Amino acid sequence: MSAASDAGVVVPRFGTRGKAWLALLGVLIVAGLGAWAYQLRQGLAVTGMDNVFSWGLYIMLFVLFIGLSAGGLIISSAPKFFHSKRYDSLAALGVLLSLGCIVVAGLLILPDLGSPSRVTGFLTSPDPRSPMVWDFGIVLLYGLFNVGYLWLLTRRDFAKMGSWLAFGVEDTPAGRERDRKFAFWAAAIAMPLAVGLHSVTGWIFATQIGRGDWFNPLVAPMFIMKALVSGLALLLVTGILVDRFTRFRFPRELVPELGKLLGIFVAVHVIYLVAAERLPHAWAAHFEFWSITRAFLVGDTIHFWLWTLIGGVLPIALLAVPSLRRRIKAVFVASVAAIVGILFEGVYLIFTGYHDLNIDAAPGVTTGTDYTGLEADIWATTGSYTPTIVELAVAVGLVAVGALIVTLGLRFVPIQPNDRTPVSAERDETTATTADPVATDGGADAEVAGDA
Amino acid sequence: MTDYGMVIDLERCIGCNACAVSCSQENNVSLDKQWNRILTEGGDAMDTPEGSYPENGRDGTLSMNHLPLACQHCDNAPCVKVCPVNATYKRDDGIVEIDYDKCMGCRYCMSACPYNARVFNFDEPKTLPTDGTGNVEERKQGVVEKCTFCSHRVEEDLDPACTVACPADARIFGDLDDEESTASRYVEKYETEQLLDELETDPNTYYIRGEMSPGRTRSGNELEGTEKKAVGNPNGVATDGGDGQ
Ligand code: SF4
Ligand code: SF4
């Protein structure tokens, strides 16, 4: 393989470890497909859902992955919008991640459908009043935009590699300059698109009068904030891992910086927005000062605590202290915790919608899943839900599809900006070509890189 | 225009479940579901009162009432608005219906319905007898279903099965746009309530609470605008008991 042919690609070839990783993903995807086939035959009865709790893990993860898909795009586009090159080294990786996540989110809808073959109805007889139709449109648009944007960011490097993926584009300094202008305009589209994606997904819930706390104007802003939190956290986690296992170089000085930004996002989300949401309710429902305070501070479900403690307190504690956030490990742990927290926020949201019935007089609602014979109790007056192994297997399989997309992206897309000084303000792309592919990795651990 | 609706007199309802049973039979509803449920307003379990037993003479506070609940056929139906593929729709005659060939089973409508009126076929429906008693459309695994006001009967000028089955005349079905229909006259005369009306779904189902209506056999001519339609065209499909195939 010649030097030029893999310039900017952070995994020039799959080593043993890379192959093992691919094999693992393959196994997970096949297991997920198997589980889905089983579910198609048996029906959604093999999930933990019923007539009361009618959306479960798939929708919870859909919400999570919609959020995760934000970070990459925002981090890669926001600086461009201000003509800053500071985060250029993360731009392509970020868009690649966004793409992987939005694909997972879109695919997660399929196993949730009772009759997936009719999903074409979105195109043949859509109802423009349905927030789910809006979401379908914007998810599609967002996915396609990510593909185009990733190509725009990397096409000159593709050209340099001589890859057919350049689609005839040539690597010229003038061309790179022009692409930079295009990237500015793309960024100008990316941001409203991302805001739209998260708001619309929030409105799927926020428009529903019948499901308790869902009907809440704060849901859409919450979705945007949690997209910023989880998206940035995922970019940090992936960036750190990819830096460790491939030739990709995550500029070290960016870690505490982005860590600090993540801390601010978490604080706005978990402290400010949650307070803004809960305080009016607590105030209106209670009389004494301390009971108002208690109702405001003390959540009622385990999901609430998982979200606010693991996803809020822990990352803030790790990221607030400057000496801690300079440690990559601390930022890594904080980011993972933030993602786990956001996962449970989604779980919490779904539970608040389904736990209580508006009309809960006995015997309640027929569950539609519990008929075992004449004596069966098919009734429920509150919602409860535990995902089944089948749901978990399908979900893990789909997440593996996302991981596969990112992995193949690392292997075939030149996501590392093709010069040695990703952070410097003045870059001259024409001098970046070097005879030694290892040197283009920006100094990452060559042994590890070769192995991956 | 026609706007079908129902009046349910909660004071007349005796909680016998006859309407629920006839609904399940008429529409061949799976054994693990009910389109029409009779809820007990009272204790924690079905058919139990709340309050305390009279210990000393008349100091008891026991109270119990029944609330029959099925799809309310809302005018501003959230289930219709959320359905991404137009499978759930509001007919011109006011009935909210589902096109089972379009429904993709996303269950968004179940989240949207504040009354939990909708059920989903998580697996193949378990019905007894397997071909049912009515001539209603089959619903397969993976689609949502609910009360249709027995649209197949209404189209043949018959009242819904529940209305005919009610031994207490607690249900009156009719055209709310027709001021002379019995249903309209009941809504006009009695104090009625639409369930969860604060949610502004504007149901076509009205509940009488407080003063009991006289019952159709005794109501005389004054409230009988349109008669109860229990027997229809003997050659029609809705009355053949389902064994004519
Ligand atoms: S009661 Fe529920 S299912 Fe029936 S029309 Fe209203 S919202 Fe739709
Ligand atoms: S489950 Fe069927 S009827 Fe309900 S919203 Fe989805 S497609 Fe429409």
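Including glycine, each Cβ sits where the backbone N, Cα and C put it.
Automated prediction, rather than curation, is the source of TrEMBL annotations.
Straight from TrEMBL, the features:
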COMPBIAS  A:431-452  compositional bias 'Low complexity'
REGION    A:419-452  region 'Disordered'
TRANSMEM  A:20-38  transmembrane segment
TRANSMEM  A:58-78  transmembrane segment
TRANSMEM  A:90-111  transmembrane segment
TRANSMEM  A:131-152  transmembrane segment
TRANSMEM  A:182-206  transmembrane segment
TRANSMEM  A:218-242  transmembrane segment
TRANSMEM  A:254-275  transmembrane segment
TRANSMEM  A:304-324  transmembrane segment
TRANSMEM  A:331-351  transmembrane segment
TRANSMEM  A:389-410  transmembrane segment
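Highlighted: of the candidate stretches A:58-78, A:90-111, A:331-351, A:58-78 has the greatest count of Cβ pairs under 8 Å to the transmembrane segment (A:182-206). A Cβ distance under 8 Å defines the sequence-distant neighbours of the transmembrane segment (A:304-324), meaning residues of its chain 6+ beyond its ends; these are 229, 233, 256, 259-260, 262-263, 266-267, 269-271, 274, 330-331, 333-335, 337-342, 344-345, 347-348. Ranked by the number of CB pairs under 8 Å to the transmembrane segment (A:131-152), the listed stretches A:58-78, A:90-111, A:331-351, A:389-410 are led by A:90-111. With a threshold of 8 Å between CB atoms, the same-chain residues lying at least 6 positions outside the transmembrane segment (A:389-410) that come near it are 9-11, 18, 21-22, 24-25, 28-36, 38-39, 46-48, 56-58, 61, 65, 96-97, 99-101, 103-104, 107-108, 111, 150, 238, 242, 246, 248. Tertiary proximity for the transmembrane segment (A:90-111) is limited to same-chain residues at least six positions away from its ends with a CB under 8 Å from its CB atoms, namely 36, 39, 58-59, 61-62, 65-66, 68-77, 79-80, 119, 139-140, 142-143, 146-147, 149-150, 153-154, 231, 234-235, 238-239, 242, 248, 250, 254, 391, 394-395, 398-399, 401-403, 405-406, 409-410, 413-417. Away from its own ends, the transmembrane segment (A:58-78) comes close to residues 87, 90-99, 101-102, 104-105, 108-109, 111-112, 139, 142, 146, 149, 153, 186-187, 190-191, 194, 197-198, 201, 223-224, 226-235, 258, 339, 342-343, 346-347, 349-350, 391, 394-395, 398-399, 402 of its chain (Cβ-Cβ under 8 Å, at least six residues beyond either end).
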